[in-house]
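Q: I am attaching a structure below and will ask some questions about it afterwards.
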Amino acid sequence: MYASREDIGYDFGDDSKVGSKPIKPNPNIDGGWAWMIVLSSFLVHILIMGSQMALGILNMEWLEEFNQSRGLTAWVSSLSMGITLIVGPFIGLFISMCGCRKTAIIGGILNALGWMLSAYASNVHYLFLTFGVTAGVGSGMVYLPAVVMVGQYFQKRRALAQGLSTTGTGFGAFLMTALLKYLCTEFGWRNAMFIQGAISLNLCVCGALMRPLFPKDVVSEKHVVRSNSEDNQAKALSHSAETIKSSGVLSEEPEKKEEATNEEVLDSVQHIEIGGKSRSGKSMYGLRILKTVSQLTVTVRNGFAIWYSSYFGAASLFTNRVFVAFIIWALFAYSSFVIPFIHLPEIVKQYNLSSQNNIFPLTSIIAIVHIFGKVILGIISDLPCISTWNVFLMANFTLVTCILTLPLMQTYVTLAVVCALIGFSSGYFSLMPVVTEDLVGTKHLANAYGIIICANGISALLGPPFAGWIYDMTHKYDFSFYISGLLYMVGIIFLLIQPCIQKKQPREKSTEEAQV
């Protein structure tokens, strides 16, 4: 999504000018430090997505503390979940300019700050700003780099790596539900949020592990050129500028002339700075400022161009009717998965099942089975005789059936069975990148998936408050599940009435072309 040619693990040089130096694969691709990236992404999913799936515990505390309507209170959780996904396309701008590591560290600090400030909330509207917006934006700034870095460090084992890292969501939902329940019982919800904020500072450690891939050979080749052609230093400097420009990710023609001008300024400043040691300190200080400003200008412009072309240069995607139907599906689907996590604790309380739920919470059942659902559905979809598209649709049909039947279950055992089915069928989330690639191809995969995630964020933002608003009107959660389930079914029908997408063969072909 944001990777240059160096980011995918190969060092490029101009063999026609430098020599016949072979291209060596980066040893960290599919091994070495790549597994530390998977660990970092796994912990990010635990601390961010897992914590968000456990917000039903805090939602009950906020209802008792502030005595507000369920619809208004649910906005706190939905804002945090929705903003985490909605800001994804805009966080790409920070990644393009600052890199994944700095973006994730800043996001970790912002997320922890949101949790800690929420401990001093005097009303629900205060939580909108501190927890919904501040913690939500911070979560988005960590979540997107965690996904991008795994894609950069893995080529052959990318599906396995993404699968392992995203299982952190299920583990996190199970662990964070138990942790928040314990903290709220022992210390109260305010101290629980403050402690959780301190724990969230570990996101900065996860960000620090996101070590970028550096183009080592490009730098060494420039030194070889300069040492072997001292009599023709101007040509070497020109070649260096061309190498820098060719190894960047910006390839649009309108930007070439301006970028070349800035590279010439940088090279000239470096040349003057090396040869002007005898000049006064003020002159050197001015040259350093000029060099810094030039570098910052190039970085900001290139980063903005990459971001703009990635998300606003893909208008042709919307001419694909199946992809438009996929977006409509995403707008309704994610809320049906989020609503049970937010409102199940209160439903259990209304059915007088709290004693049984305290032993093994229903949300934990969803989280645990969700882990196995991702792995098993991924294995099934990789079988040569099975269509990924059919597995995806069957999982969606199972999930929407569970959402529609959940209000009819009023015992702990029946609720546990339905929740287990919800957890397993929701494992189709691991198939979404594959289905998206089948729809638009490898070339537009990053842009299309960013749009789908943004649509999921809108769904998560509006779903829980809508369910709470329906409860305030009817004093039952039944209609919330019925309406969300019917809207979810409408999204599935939109997928069915569109032309069938291509099966696995086109996807495998596009993957090979991308590797070439």
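Note: Cβ is positioned from N, Cα and C throughout, glycine not excepted.
Okay, so TrEMBL annotates it like this:
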TRANSMEM  33-55  transmembrane segment
DOMAIN    37-503  domain 'Major facilitator superfamily (MFS) profile'
TRANSMEM  75-96  transmembrane segment
TRANSMEM  103-121  transmembrane segment
TRANSMEM  127-148  transmembrane segment
TRANSMEM  160-180  transmembrane segment
TRANSMEM  192-214  transmembrane segment
REGION    229-263  region 'Disordered'
COMPBIAS  240-249  compositional bias 'Polar residues'
TRANSMEM  322-344  transmembrane segment
TRANSMEM  359-377  transmembrane segment
TRANSMEM  389-409  transmembrane segment
TRANSMEM  415-436  transmembrane segment
TRANSMEM  448-467  transmembrane segment
TRANSMEM  479-497  transmembrane segment
Q: Please indicate, using numbers and ranges, the residues of the same chain that are 6 or more beyond the transmembrane segment (160-180) and have a C-beta under 8 Å from a C-beta there.
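A: 34, 37-38, 41-51, 53-54, 56-58, 146-147, 150-151, 153-154, 192, 196, 341, 361, 363-364, 366-371, 374-375, 378, 423, 429-430, 433.
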Q: Please report, as numbers and ranges, the same-chain residues at least 6 past the borders of the transmembrane segment (192-214) whose CB is under 8 Å from any CB of it.
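A: Result: 6-7, 9, 26, 28, 33, 36-37, 39-41, 43-44, 47-48, 51, 58, 99-105, 107-109, 111-116, 118-119, 131, 138, 142, 145-146, 149, 152-153, 179-180, 183-184.
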Q: Would you mind giving the whole-number mean pLDDT across the domain 'Major facilitator superfamily (MFS) profile' (37-503)?
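A: On average, pLDDT over the domain 'Major facilitator superfamily (MFS) profile' (37-503) sits at 77.
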Q: Is the transmembrane segment (479-497) in contact with the transmembrane segment (415-436), using at least 3 Cβ pairs under 8 Å (sequence separation of 6 or more) as the test?
A: no
Q: Under 8 Å between C-beta atoms and at least six residues away from its ends: which parts of the chain pack against the transmembrane segment (75-96)?
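A: Sequence-distant neighbours of the transmembrane segment (75-96): 1-2, 48, 52, 55-56, 58-59, 62, 102-103, 106-107, 124, 127-128, 131-133, 135-137, 139-141, 143-145, 148, 302-304, 306-307, 310-311, 338, 342, 450-451, 453-454, 456-465.
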